[in-house]
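Chemist: Quick one: the structure is below, questions incoming.
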Ligand SMILES: NC(=O)c1ccc[n+]([C@@H]2O[C@H](COP(=O)([O-])OP(=O)(O)OC[C@H]3O[C@@H](n4cnc5c(N)ncnc54)[C@H](O)[C@@H]3O)[C@@H](O)[C@H]2O)c1
Ligand SMILES: O=C(O)C[C@H](O)C(=O)O
Ligand SMILES: [Mg+2]
């Protein structure tokens with residue numbers, strides 16, 4: 001009986017594995033006769049000779065085997081010594097490491113830009129090798145290809161631009177986008193990250209140069225979520241810039257006109273969305289670094305029709321929620337105490353308001369999930385923007401900030417008023433949490449941090465989440481030295497831990513949306529959900545929150561190390577798939593239909609295996625030439 005059971009199980013499992021192998025050929029061990037000498041299913045290419053060496057999708061450089069060199073007319077075009085992928089990386093690393101003699105930490109690394117150049121050149125030559133290097137050294141090179149260095153890259157883009165990467169749609173292309181999308185060589189695109197360059201990190205309007213941020217985010221999609229690099233597309237929508245310096249710069253690469261606004265602006269974005277979803281109906285579009293003015297409007301406009309999300313609004317909110325819940329646990333309290341936390345937020349832009357809305361909803365759910373709970377939860381927040389504390393007396397208040405405006409009488413009772421300064425607010429409120437998404441470096445000044453010493457919390461939390469490094473509201477050194485050792489600290493860009501003496505470490509967590517967006521994208525892709533629901537985003541945040549053990553959290557570690565990002569992403573993606581199935585949104589992906597997906601979701605183990613097997617890994621496939 002049990003033998004028969006085992007055989008049936010083995011057969012079912014084999015069928016599943018074979019089905020999955022259609023998604024990822026490497027996911028299943030094939031019978032020998034199907035494989036090449038290198039042991040993998042071959043990839044067909046329609047080019048040969050130098051064209052292959054110049055194609056980063058297929059190029060293997062010195063790792064082409066002799067038989068491949070013959071098959072693809074490469075003989076004589078490469079030095080004769082055939083290298084293993086490991087030897088190739090060793091050689092590359094010698095070059096890259098030369099720059100590390102002087103300094104070795106991302107944030108203040110004087111050679112960061114030079115390292116980016118070396119890595120970027122590899123990206124242009126050989127994508128497989130590039131991602132092998134990135135994945136194996138993610139802790140070290142995420143600060144180069146992502147924040148903070150990517151900010152510097154965007155600022156200097158005109159000078160750094162060599163080979164184009166991704167697609168550019170401009171205001172001049174109106175009426176042409178539907179045909180332009182066919183200029184992209186890939187028939188399948190899974191992930192697009194699009195920006196209009198209007199608010200790049202905390203660096204403001206960088207116009208066309210903002211494409212760097214889309215490229216950096218997609219690097220993480222490949223490295224963390226295992227999205228196939230041939231199926232990612234960075235996009236820049238150039239509607240002009242309001243950055244006067246760029247407008248006057250003759251070397252600026254973008255449209256030298258002021259930004260389109262109003263209906264004209266929306267028409268361009270509408271046309272872009274229609275074009276990409278016509279060619280790639282299953283693509284997921286991540287909106288990135290759009291100024292707040294448009295971030296919310298575009299999200300509302302598209303989120304119920306297209307598979308899209310706004311990372312700054314929704315990804316950041318999830319990461320902040322996970323961190324805020326971690327901060328409650330770090331006080332030795334249960335998560336359900338979250339609705340008692342007093343939270344001061346500095347910054348009421350796309351990120352700040354995104355966090356406020358999500359935190360309020362999370363509190364309301366914990367308080368009974370009804371209207372009264374939702375209403376009372378808002379009293380836990382004090383919001384300070386460029387004009388100080390936001391109250392109902394604020395003139396021309398932004399509608400998205402209105403729900404968080406303090407009642408004027410109540411503010412008065414607290415010794416506060418419209419426009420009160422951040423120091424005053426912190427002094428009077430004595431918050432448990434001080435969270436910055438203001439893009440103002442040093443905003444958490446000595447006075448503000450001194451005021452936080454009066455917090456009624458047993459362990460106050462400071463989230464200096466603005467990017468890049470120089471825009472962080474304070475450094476961990478400042479926080480630990482002024483507020484004291486018993487705090488929780490998180491920043492958007494990486495900083496080193498602080499030595500508190502006597503063997504104690506002040507942990508610096510990186511509170512960055514990179515812990516969520518790759519999993520949200522991958523989970524949505526694999527579920528085949530037509531939209532990205534609030535529930536799917538909530539499931540992602542909850543999974544991240546639960547990722548840290550009690551022991552870690554008590555030590556002040558509320559986010560995982562970036563070296564674990566592939567594992568976290570797998571877990572987050574699984575949570576997103578499961579939620580999409582539960583909400584009946586999942587339509588399945590490729591060969592796995594909705595019913596099969598439902599079955600997979602019944603076992604957490606199978607679900608995680610499915611996600612893992614669907615992730616691309618940087619291995620060279622054997623190449624076989626086929627005429628077009
Ligand atoms: N860590 C992360 O994962 C993450 C995610 C998204 C955004 N961010 C960062 O958050 C920052 C803000 O992004 P955004 O999209 O909300 O920008 P935004 O321009 O839309 O909003 C900035 C807000 O800060 C306020 N502000 C300006 N000066 C202030 C001051 N002196 N005191 C208090 N508030 C002040 C502005 O009034 C505005 O409300 C950026 O630096 C961005 O890099 C970080
Ligand atoms: O890009 C990042 O590092 C996080 C976030 O999306 C931001 O805009 O700062
Ligand atoms: Mg962003």
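Note that Cβ sites are derived from N, Cα and C of the backbone, with glycine treated the same way.
Feature table excerpt (TrEMBL):
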type: DOMAIN; residues: 123-303; note: domain 'Malic enzyme N-terminal'
type: ACT_SITE; residues: 146; note: active site, proton donor
type: BINDING; residues: 199, 467, 512; note: (S)-malate binding site
type: ACT_SITE; residues: 217; note: active site, proton acceptor
type: BINDING; residues: 288, 289, 312; note: divalent metal cation binding site
type: DOMAIN; residues: 313-581; note: domain 'Malic enzyme NAD-binding'
Chemist: What Cα-Cα separation, expressed in whole Å, is found between residue 467 ((S)-malate binding site) and residue 312 (divalent metal cation binding site)?
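Modeler: Spelling it out, the Cα of residue 467 ((S)-malate binding site) and the Cα of residue 312 (divalent metal cation binding site) are 12 Å apart.
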Chemist: What Cα-Cα separation, expressed in whole Å, is found between residue 312 (divalent metal cation binding site) and the residue listed as 'active site, proton donor'?
Modeler: 15
Chemist: Given the binding-site residues 199, 288, 512, tell me which ones have a C-alpha lying within 10 Å of the C-alpha of the residue listed as 'active site, proton donor'.
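Modeler: Close binding-site residues: none.
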Chemist: In whole Å, how far does the CA atom of residue 199 ((S)-malate binding site) lie from that of residue 289 (divalent metal cation binding site)?
Modeler: 5
Chemist: Given that the record lists 199, 467, 512 as binding (S)-malate, what is the largest C-alpha to C-alpha distance among them, in Å?
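Modeler: Per the listed residues, the maximum Cα distance equals 17 Å.
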Chemist: Among the recorded positions listed here, 199, 217, which has the most company in the form of other Cβ atoms within 10 Å of its Cβ?
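Modeler: Counting every other Cβ within 10 Å of each candidate, the maximum falls on 217.
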Chemist: For divalent metal cation, what surrounds 288, 289, 312 with a Cβ no more than 8 Å from their Cβ centroid?
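Modeler: Neighbours within 8 Å of the Cβ centroid, excluding 288, 289, 312: 195, 199, 200, 213, 287, 290, 295, 310, 311, 350.
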Chemist: List the recorded positions 146, 199, 217, 288, 289, 512 whose Cβ sits under 6 Å from any atom of ligand 1, in sequence order.
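Modeler: The ones that qualify, in sequence order, are 199, 512.
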Chemist: Please check each of the recorded positions 199, 217, 512 and report the ones with a CB atom less than 6 Å from an atom of ligand 2, ordered along the sequence.
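Modeler: Near the molecule: 512.
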